[in-house]
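Colleague: I am attaching a structure below and will ask some questions about it afterwards.
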Amino acid sequence: MSRLYLDANASEPLRPAARAAMLAALDVAGNPSSVHAEGRMARKLLEEARGTVARHLQGRAQDVVFTSGATEANALALHALGRNRRVLVGATEHPAILQAVPEAPRLPVAMDGRLDLAALDAMLGAGPPSLVCLMAANNETGVLHPLMEAAGLCRRHGALLHVDAVQVLGRVAMDWAAIGADSIAISAHKIGGPKGVGALLVKPGADVAPLWRGGGQERGRRGGTEALPAIAGFAAALDDLNLEAARKLGALRDAIEQGAGAATAGRGAPRLPNTACLMLPGLKAETQVIALDLMGIAVSAGAACSSGKVAASATLQAMGLGEAAACAIRVSLPWNAPADAAEGFLAAYSQLHARLRR
Amino acid sequence: MRILVAMSGGVDSSVVAGLLKEQGHEVIGATLQLYDHGAAVQKKGACCAGQDIHDARNVADRLGIPHYVLDRESRFRDAVIEDFAASYARGETPIPCVRCNQTVKFQDLVMLAHDLGADALATGHYARRVEGSDGAELRRAADLTRDQSYFLFATTAEQLAFTRFPLGDYRTKAEVRAEAVRLGLAVAEKPDSQDICFVPEGRYHELVGRLRPEAGEPGVIEHADGRVLGTHHGIGRYTVGQGRGLGSASRDGETPLYVTGLDASRRRVIVAPRSGLADTEVLVGEVNWLIPPPEAPLACQVKLRAREMPQPATAFWDAEAAMLRVVLGEPAIAAPGQGCVLYDGDRVLGGGFIRRPQRVVDSAGRAA
């Protein structure tokens with residue numbers, strides 16, 4: 001059975017350029033911290049990759065810290081920037097943030113999933129100096145927060161802003177320089193790079209205390225020998241990104257939404273071009289995901305838990321979608337989605353409809 | 001056939017999945033996430049999924065079948081754990097495994113199986129499902145020491161028709177373990193599960209006290225003749241027939257005493273000598289019939305608890321009141337909340353939950 005992979009927001013298929021770069025880097029024997037020629041070779045690869053990350057986020061290479069992924073990058077930002085500050089998080093943030101600071105007050109979102117700017121303004125005005133954590137694009141709905149406006153409010157109130165840019169990277173153009181976030185977290189495997197590497201970009205001069213002691217790598221901000229092959233693949237994936245191709249996925253996404261005959265979460269808001277969150281009240285998300293999987297189609301519901309269980313979407317609950325939150329699946333088109341992805345998906349999805357009518 | 005297999009991560013259901021796959025069926029594995037394992041073992045930072053879920057997934061990988069973990073925490077909490085605590089608070093002795101089978105397993109998984117276009121649901125229960133002249137019959141397992149038909153009495157005829165118990169004909173657990181070895185399953189040597197799954201340490205009265213504080217409130221231990229013999233730390237710690245944990249009330253002179261009744265409203269534990277323990281008649285509610293409900297008195301055998309052989313009895317079904325009255329051939333201990341399951345030889349005819357006899361709380365507030 002040929003399968004149709006429509007779960008890019010969980011992990012993008014590897015880009016051939018990233019694979020090639022990783023294969024080449026696997027043969028670099030040296031440790032980037034070593035003084036000899038082999039070490040220097042490794043160091044060169046590492047610093048080139050660092051420069052690539054910086055270029056894509058419009059920052060400086062020396063302000064990039066490589067991590068094991070976005071969860072660690074987010075944790076590092078909370079650790080480094082959140083010290084002595086009240087942390088405020090968006091209500092629809094990824095569990096990587098929500099579970100890291102479970103007590104943090106949540107910034108409400110509107111019905112369409114976008115941040116409530118008036119509420120942000122009020123909450124920033126009401127309390128002590130804050131660190132605000134916001135995702136640029138939501139992993140489940142693809143909804144884009146009004147980041148520029150939020151950044152302006154943060155500046156006005158003297159708050160720091162950390163942006164989880166995991167899903168937006170490579171899918172929608174962002175003017176990072178204009179937004180001026182204090183830190184940005186990204187992940188390689190969400191853009192077609194390898195799993196196991198991410199990065200945090202901080203502002204020049206930021207004091208980044210490491211999450212653990214031991215090892216002086218990454219300018220003392222993250223101990224442990226850098227995962228060079230993965231980092232090389234990360235950089236290659238970044239250079240392989242194509243915003244025009246990503247934009248074109250929007251036509252496939254629209255075809256899926258129109259053909260599905262289901263309500264779409266966040267439809268009125270600006271969204272990622274590859275993401276559709278379809279709600280089919282009456283049929284549990286879990287059942288839909290399993291049924292589609294058995295029909296050869298990979299989609300997801302909510303954020304994947306390590307146990308593999310399918311839990312009701314906290315994001316959709318925060319959007320006030322109530323019951324429907326338990327009946328929503330996420331279809332997210334990968335960079336290499338086939339031209340007939342919409343037809344393939346809709347053929348299977350219509351069978352779900354048929355079961356519902358039964 | 002496409003068959004959904006309920007996989008617990010233990011050896012039994014793992015073998016079921018392996019056997020069905022071997023027979024050429026399209027097997028889909030499903031494991032229920034029923035409670036927060038980390039919270040249950042009270043270990044900070046432990047994952048919500050216990051080792052059993054990982055074991056089930058590894059078995060599925062080994063067999064090359066799709067496998068899904070189903071989040072049933074809230075459903076299990078409402079249908080099983082809350083009921084468990086409420087039952088103790090009422091002075092009863094619950095059987096959570098029946099509630100779980102009744103709701104989370106057979107009701108929900110049968111529905112899921114239908115939704116997934118499966119032709120059957122299979123579980124690792126030790127029971128036999130036999131195709132009779134009037135449809136599927138539930139029978140005791142070939143291995144009577146492992147027979148779980150008692151816990152399956154609430155399975156409806158419709159659910160039973162859809163369900164398969166591939167282990168029902170195995171004569172010993174050793175044979176099942178041998179199958180696991182033959183199928184190359186890493187769980188072959190895994191110990192049998194013990195106790196109640198959501199109370200891993202067996203300290204269930206702590207859980208009951210948390211959910212139903214009234215079940216943990218102290219009260220008196222009273223002899224059936226009205227004498228107060230001692231005090232207790234909550235009726236949730238007692239069950240009818242129990243002789244331990246009574247302190248100074250454990251004996252009346254030389255005569256050992258046993259719990260004969262639990263009066264939740266007055267927080268009284270009633271004790272009496274062994275002779276006052278046995279009932280000759282049992283009242284049964286929430287009855288599920290696996291035969292056409294009998295209009296005449298039905299001579300059969302009954303089990304009033306999991307670990308006993310069926311005993312002769314006569315059942316009187318009152319269709320109007322939806323109550324079953326069972327007259328026992330020999331007096332026996334009947335703990336309210338436990339199951340009363342009717343058998344004809346190996347076959348399960350039906351069953352229900354033992355109700356509290358009215359005599360425990362009479363108008364004088366005194367045990368009769």
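Using the three backbone atoms N, Cα and C, a Cβ is placed for every residue, glycine included.
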Colleague: For the ATP site, TrEMBL lists B:Ala6, B:Met7, B:Ser8, B:Gly9, B:Gly10, B:Val11, B:Asp12, B:Ser13, B:Gly124; sort out which one of B:Leu20, B:Leu32, B:Leu116, B:Leu138 goes with them.
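Modeller: Looking through B:Leu20, B:Leu32, B:Leu116, B:Leu138, the residue TrEMBL assigns to the ATP site is B:Leu32.
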Colleague: Considering all pairs of residues in B:Ala6, B:Met7, B:Ser8, B:Gly9, B:Gly10, B:Val11, B:Asp12, B:Ser13, B:Leu32, B:Gly124, annotated in the record as contacting ATP, what is the maximal C-alpha distance expressed in whole angstrom?
Modeller: 16
Colleague: Reported as an integer number of Å, what is the Cα distance between B:Cys197 (active site, cysteine persulfide intermediate) and B:Ser8 (ATP binding site)?
Modeller: 11
Colleague: Round to the nearest Å and give the CA-to-CA distance linking B:Gly10 (ATP binding site) with B:Gln338 (site 'Interaction with tRNA').
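Modeller: Cα-Cα, rounded: 25 Å.
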Colleague: Counting only residues 6+ away in sequence within the same chain, which have a CB under 8 Å from the CB of B:His125 (site 'Interaction with tRNA')?
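Modeller: In sequence order, B:Asp12, B:Gln148, B:Phe151, B:Leu152, B:Phe165, B:Leu167, B:Gly168 meet the Cβ cut-off.
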Colleague: Determine how many residues of the domain 'tRNA-specific 2-thiouridylase MnmA-like central' (B:217-272) DSSP places in helix, in strand and in coil.
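Modeller: DSSP classes over the domain 'tRNA-specific 2-thiouridylase MnmA-like central' (B:217-272) add up to 7 helix, 26 strand, 23 coil.
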Colleague: To the nearest whole angstrom, what is the C-alpha distance linking B:Cys100 (active site, nucleophile) and B:Leu32 (ATP binding site)?
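Modeller: Here the two Cα atoms are 11 Å apart.
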Colleague: Could you count the residues of the domain 'tRNA-specific 2-thiouridylase MnmA-like C-terminal' (B:281-354) that DSSP puts in helix, in strand and in coil?
Modeller: 0 helix, 47 strand, 27 coil
